[in-house]
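Worksheet: the structure to be examined is printed underneath.
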Amino acid sequence: MEGQLAHIGAGLAGLGTGLAALGVGNVAANFLAGALRNPSAAASQTATLFIGIAFAEALGIFSFLVALLLMFAV
Amino acid sequence: MATEATQGAEMAGHGAEHAAETGGLVFHPMDQFIVKPLFGDGAVGMFTITNVTLWMAIAILVIVALMVLGTSRRAVVPSRSQSVAELAYGFIHKMVEDVTGKEGLVYFPYIMTLFMFIVVANFLGLIPMSFTTTSHFAVTVVLALCVFLGVTILGFVKNGPSFLSMFWVTSAPLALRPVLAIIEIISYFVRPVSHSIRLAGNVMAGHAVIKVFAGFAGLAIISPLSIVAITAIYGLEVMVAFVQAYVFTILTCVYLKDALHPHH
């Protein structure tokens, strides 16, 4: 029973990765919207784009980690 | 490493159980991350030569071959290996200069080493039957902790106690500053955690997904679809391998900039 509950918890933690995908998409979409308005400034901001994506993605990776822990370690 | 090996063994047991239940899946997606000794079947100790050791050594050899042998001819018209080495050098040099400024260039060799190790380890892990060293938290946590400790010590050496003013946001209203200071301190200490888990998590997740689709290839009806999916995800993984090395490196540059100029 406990193992099954852990699997349900892992599935719920998996939702977090999907939400992180929303965040990453939001960052990229806003970057693209800005870049199309001013293409000449876009190239200099790709580093900022990747930093933003990395921060948005980190929390999704945390929930993925929680899912993994529930699957294999608990 | 020892605990990881036992974890891996547990995962393997899990996989065998699973295979017995379904009969179709003969391997577990996490089996590829098991740390095994290269010689014999003994337990994995502190100094055991394992597949991780082997693939790290191969990564070092590849980097040395690329950077030393590739550029040794110093041709005006570069060969293929020389232009790859020059591109990598110029790319990281520009990144360090853009993010940290001229005074950050003193630390360029360390950041270049980090980038080359991670990117080569990631790409070597994409070779079928190879072992991905960067998929293990033990490896990436050491890389991230070195950056974290180095940057913290550097901040105190360069700025003295005024380095702590990084946590005291003077642009905020006075009443909010203690709250912000707590948040800033927490976010400072979460840095090595997210720094390491991002790299290992991304690489491990991608490789596990490839293996999951490889498991589906055993079913005759969906095997063509699964093979197409493996190819597509493999292409995505090639990109992820580079982007994650880039992100790790650029975050190192950002942390370094915070240590050199804590006031903005």
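Each Cβ is built from the backbone N, Cα and C atoms, and glycine gets one as well.
Summarising the annotation, TrEMBL assigns domain 'V-ATPase proteolipid subunit C-like' to A:8-70.
In the three-state DSSP scheme, A:E57 (site 'Reversibly protonated during proton transport') falls into the helix class. Under the heading site 'Reversibly protonated during proton transport', TrEMBL lists A:E57.
The annotation transmembrane segment is assigned in TrEMBL to A:12-36 (among others).
A Cβ distance under 8 Å defines the sequence-distant neighbours of the transmembrane segment (A:48-73), meaning residues of its chain 6+ beyond its ends; these are 6-7, 9-11, 13-17, 19-21, 23-24, 26-28, 31. Positions annotated as transmembrane segment by TrEMBL: A:48-73 (among others).
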Helix, strand and coil residues within the domain 'V-ATPase proteolipid subunit C-like' (A:8-70) as assigned by DSSP:
62 helix, 0 strand, 1 coil
